[in-house]
Amino acid sequence: MSDIDEKHDPQFEKGKELHHVEVSTKEVDTGAALIAGFSGEVDPQEAERIRRKIDWHILPLMCILYWVQFMDKTTLGSAAILGIREDNNLTTNQYNWLGTIFYLSYLVFEYPQNLALQRFPVGKWMSVNIFIWSIALCCHAACHNFAGLFVVRLILGMCEGSITAGFMIVSSMFYTRTEQTLRVGYWFLMNGTAQIISGFISFGVLHIKTTTFHPWQWLMIITGMITLVCAVMFWFFFPDSPTNAWFLTMEERAIAVKRIKENQTGVENKHFKREQMIEALLDYKTWLFALFSALDNVPNSLTNQRTIIVSSFGFTNLQTTLLACVDGVVEIVTIWTGVTIAARIPNSRAYVSFIYFIPNILGVFLINFLPWENKVGLLFAQWLTGIGTTGFVLSLSWLSSVTAGHTKRITTNAIMLCAYCIGNAAAPFMWQSKYRPRNHVPWIIIGISYASCMAIVLAIRFLLSKENKKRDREGHDDTYDDVYIERPGSDGKMEQVKVDKEFLDLTDRQNRDFRYVL
């Protein structure tokens with residue numbers, strides 16, 4: 001148990017008067033030392049200026065990287081109609097395994113990646129992973145059998161596990177809870193941009209005529225080189241935290257930290273706290289979000305199946321690569337509108353998610369019941385199934401907003417992303433040759449997954465709302481109102497300064513003044 005827990009546990013203090021308590025700086029948030037003793041409120045105009053400055057320096061890099069990582073992840077699907085299956089003599093089962101091993105590797109390395117993101121500078125750790133996966137991606141072009149592709153796909157999964165987890169941490173470091181909803185949406189909608197650009201790249205490489213290199217190999221080399229450039233950019237320009245962001249002055253860093261005080265989640269803490277990990281494992285919402293993540297990503301197996309399915313409708317390879325761009329447009333529009341609505345209407349995340357799943361259910365019905373000859377109708381039905389992506393995007397920012405305590409946050413992030421991997425890893429095996437061409441069984445499973453997700457988001461909202469009402473009845477909790485840290489003063493002597501509760505690295509359960517967003 002940490003110093004703070006031991007000295008401020010409600011049971012420990014029962015019947016006793018709270019006293020002035022001094023704690024070690026390692027127990028509190030990294031932002032505490034920066035703003036301890038800061039008096040007064042942050043000027044709204046100055047806070048807005050700092051927010052714009054942060055947006056300008058980190059959002060473009062986050063968007064570019066998320067575009068690149070999704071494009072790299074889906075190169076297997078694009079390469080399916082560019083000759084990778086034929087050149088490597090892949091059976092249907094082997095092709096499915098290449099999709100699965102990516103997520104199994106992602107799953108195995110997800111918690112170690114989250115621990116590393118806590119222990120090491122976030123930007124630098126992600127840069128190293130980006131560099132390794134860029135090399136692995138280029139190595140796809142040198143593979144001529146299933147075993148070689150299996151190994152490089154495993155490496156891709158291992159490295160890419162750091163990105164979404166890292167971005168969730170960075171978003172909570174730099175932005176308020178409302179701002180997180182929009183920013184997570186902005187970088188996640190780059191998945192749609194990746195589908196568009198990847199479609200055009202695939203269309204372009206189909207026209208490259210070389211005797212030694214096939215189109216799918218050119219696709220791997222081109223995307224690998226783009227990723228390598230991205231790794232260099234991240235190493236030099238992406239900040240690790242608002243407390244040391246290179247583009248902010250010391251005063252601006254303090255304001256950047258102070259303005260996220262309302263989150264009650266702080267910036268970060270580099271020390272692993274076992275009690276926070278245990279709390280995360282025993283928290284019901286951790287597992288509800290994980291279940292949602294697993295079920296919502298069963299349909300994500302369409303990523304590697306989509307071009308094969310569209311081609312089966314009777315479209316040529318060239319038409320299929322171009323039609324893949326429409327999937328990207330659908331994702332961009334739906335994510336942007338969804339996160340904008342959720343950000344503007346308070347406590348609407350669950351309701352917006354629920355509504356955006358409805359077109360998915362409609363799409364599943366149409367795909368199962370439209371005549372096979374109606375290829376245009378089937379195509380539009382498949383596009384409808386892409387609208388519900390908004391629900392998963394909102395769940396990422398929602399989880400970060402309702403979880404406090406840095407170790408607890410990296411644990412819940414890891415569990416949710418592991419569940420994401422389980423859904424993605426298991427789903428490819430439902431696409432069996434015996435179900436073609438209608439694929440009724442996979443589509444029914446997808447429909448059940450969507451319906452279950454709709455129920456889960458409403459259940460999460462109900463339980464969190466119930467907890468908020470319970471805390472409202474409790475009144476103010478003054479357990480952590482009088483905590484101090486010691487730091488060098490301007491005269492070189494050690495001085496004690498009070499630390500706000502929001503920067504004590506408390507969990508959402510320890511801080512009874514914490515209220516869950518809905």
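Note that the numbers count up from 1, one per residue, in the order the chain is shown.
Cβ coordinates are placed from backbone N, Cα and C, and glycine is handled just like the others.
Summarising the annotation, TrEMBL assigns domain 'Major facilitator superfamily (MFS) profile' to 58-469.
With a threshold of 8 Å between CB atoms, the same-chain residues lying at least 6 positions outside the transmembrane segment (125-143) that come near it are 65, 69, 72, 75, 88, 113, 116-117, 149, 152, 155-156, 159-160, 162-163, 166, 213, 217-218, 220-221, 223-225, 227-228, 230-231, 234-235, 238. Feature annotation from TrEMBL assigns transmembrane segment to 125-143 (among others).
If you look up TrEMBL, you'll see 150-174 (among others) marked as transmembrane segment. Within its own chain, the transmembrane segment (150-174) has Cβ neighbours under 8 Å at 54, 58, 62, 65-66, 69, 72-73, 76, 97-98, 101-110, 113-114, 116-117, 122, 125-126, 129-130, 132-133, 136-137, 139-140, 143, 180, 183-184, 187, 241-242, 256, 260, 263, 265, 267-268, 396-397, 399-401, 409-410, 413-414, 417, 421, counting only residues six or more beyond its boundaries.
The transmembrane segment annotation in TrEMBL covers 186-206 (among others).
Annotation source TrEMBL lists transmembrane segment at 218-238 (among others).
Same-chain residues lying 6 or more positions outside the transmembrane segment (350-370) and placing a CB less than 8 Å from one of its CB atoms are 299, 334, 338, 341-342, 377-378, 380-388, 390-391, 394-395, 438, 440, 443-444, 446-447, 450-451, 453-454, 457-458, 460-461, 518. Look at TrEMBL and you will find 350-370 (among others) tagged as transmembrane segment.
Marked as transmembrane segment by TrEMBL: 376-399 (among others).
Annotated transmembrane segment per TrEMBL: 411-431 (among others), in sequence order.
According to TrEMBL, the feature transmembrane segment maps to 443-464 (among others). Within the same chain, residues 284-285, 288-289, 291-292, 295-296, 298-299, 302, 349-351, 353-354, 357, 360-361, 364-365, 367-368, 385, 388, 391, 395, 402, 423, 427, 430, 516, 518 sit at least 6 positions outside the transmembrane segment (443-464) and bring their C-beta atoms closer than 8 Å to a C-beta of that stretch.
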